[in-house]
Amino acid sequence: MARKYFGTDGVRGRANATLTADLALRVGMAAGLAFRRGEHRHRVVIGKDTRLSGYMIENALVAGFTSVGMDVLLLGPMPTPAVGMLTRSMRADLGVMISASHNPFDDNGIKLFGPDGFKLSDQIEHEIEELIDEDLSKKLAQPMDIGRARRVEGVHARYIEYAKRTLPRDQSFEGLRVVVDCANGAAYRVAPDALWELGAEVISMGVEPDGLNINRDVGSTSPAALSAKVREVRADVGIALDGDADRVIIVDEKGHVVDGDQIMAVVAHSFKEDGRLSRDGIVATVMSNLGLERYLKDEGLTLARTSVGDRYVLERMRSDGYNVGGEQSGHIILSDYSTTGDGLLAALQVLAVVARSERPVSEVCHRFDPLPQVLKNVRYSSGKPLEHENVQSAIADAERRLANHGRLLIRPSGTEPVIRVMGEGDDFELVEGVVDEVIEALRKVAA
C-alpha cells in the first residue's frame, strides 16, 4: 500500500518544510486516537535527540496527544532504544522518539513504538495515516478529559542501570581507556556515565550539543575524528554512536574502523561460546560482506539475509527466532535485551569480550578479512531498465563469471530513480569488471 507520511523509519522530513508543527500536531492526535483503547487513563512517553527543531515538534506532539485525552511523559534527550525500553517499563500505551537518526540537524522525524516497545507494523501506520487526513475536530476530548503532561526525572539512571544489567554482575572495564563519541546527540549523557560506572577510564567527545551540531563531523558516520582522538590519547578503544544512538561503530587502538559486520562477528562468537545464541546463526542484510558469511560458516553458524533496513532485520529475527542481527552500518539488534538497534548495548558486549580476552581490540575485533566490494549507481528517467533483455543477459553473464567466488546484488533505490549495482568477491579486478558490464548495459537502456 502507498504511504503518504510514513517511510521505512517513521515520519521524516526537513524541519519546518515537510515536517511542520502542524503535521506533528496531527500525528499526535491520530496516533493518540489509534492507541486510545479501553477505559484506563492512557499515556504516551516522548523522547528526543538534540536537534533544535525537537522543541517545536515535541510541543506540537504534546498538544496533539493531550487534545485527544492522552497523558504525556516527557523524557528529554534519550537514545531511541531507551524510549522503546521505557515505553514498556512505564506501562505506556505508546512511545515516541523525535529524531532523524544520523541525518543533519535540519532534518527530523517521528518514530512510534507500541506498548511492547517495538516499532509499529505497516498496518497500524496505515491506520494512523488515514486518521491524519481526517477531520479530527469531532474526536477531541471533553475539557475534563484533556490529557496532562509532565517531565519525568531519573530516566537516565534507569536506562544506564538497564544497560549494565545486560552484562554479568562482576563484569568490569577497569583498565580500559575508552574514547566515546556521542555525535552531539541523544546519548551525550548516558553513554559516558554508563562506561564510567562500569570502571572504564572515559574520554568523551561529541557531548556538547547546541541544537545545530548533531552528527556534524562526529559520530558513527564520521569516524575520522574518533580515530584521531584514539591515537592522540593512546586509548584502547573508541566507540562512535549516531545522533539517536541506535547504531555504533568501533575504532581499535590503531585508529582502524570496526564496522557492523565485524561487531556482529564478535557478538555471534561470544554468544555461541556462552550458549546464548537462540539459533545457530544471525540475521543481516544483503549488504553485509561475504567475508562475514564465510566466517560464520567456519564457526558452524549461518547468515540469514534480508532487505536493507533494520526493520527488516528485526522482522526476520522475530519471525524465525534469532536473537542477534544487524547491519554493516552499525545497527546491532540484541533482542534478548532490546526491541531495536542499541549502540550502547552492542558496544558493552564487545568491550566485555575485550576485557575478558586481555588482548588488543585490533585482534579481538578483526574476525575476517572483508572481500573487496564495488558499488556503482545508474540513474534512469522512466521505465523498468532491469526488465530489459540486454540487461538480464548482462546480469546472467556476470553471475556466471562470479560463480562461487563472489556475488552480485542489484536493487532499485527506494527513494530516487537510481539502480544500485554491488559486486563483491575474492578477485577485485573480476568484481569491478562484471559490475562495469552490468552498469554499461543499464546505461544504454536508461539512455
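If you go along the chain as it appears here, the first residue is 1 and each next one adds 1.
Note: Cβ is positioned from N, Cα and C throughout, glycine not excepted.
Swiss-Prot names D242, D244, D246 for binding Mg(2+). Of S101, S382, S393, the residue it gives for the same site is S101. Taking the mean position of the Cβ atoms of S101, D242, D244, D246 as the Mg(2+) site, the remaining same-chain residues with a Cβ inside 8 Å of that point are D49, P79, T80, S99, H102, G185, A186, L241, G243, A245, R247, G341, G343.
Long-range C-beta contacts of S101 (active site, phosphoserine intermediate), restricted to its own chain and to partners at least six residues apart, with a cutoff below 8 Å, comprise D9, T80, G109, D242, G243, D244, D246, R247.
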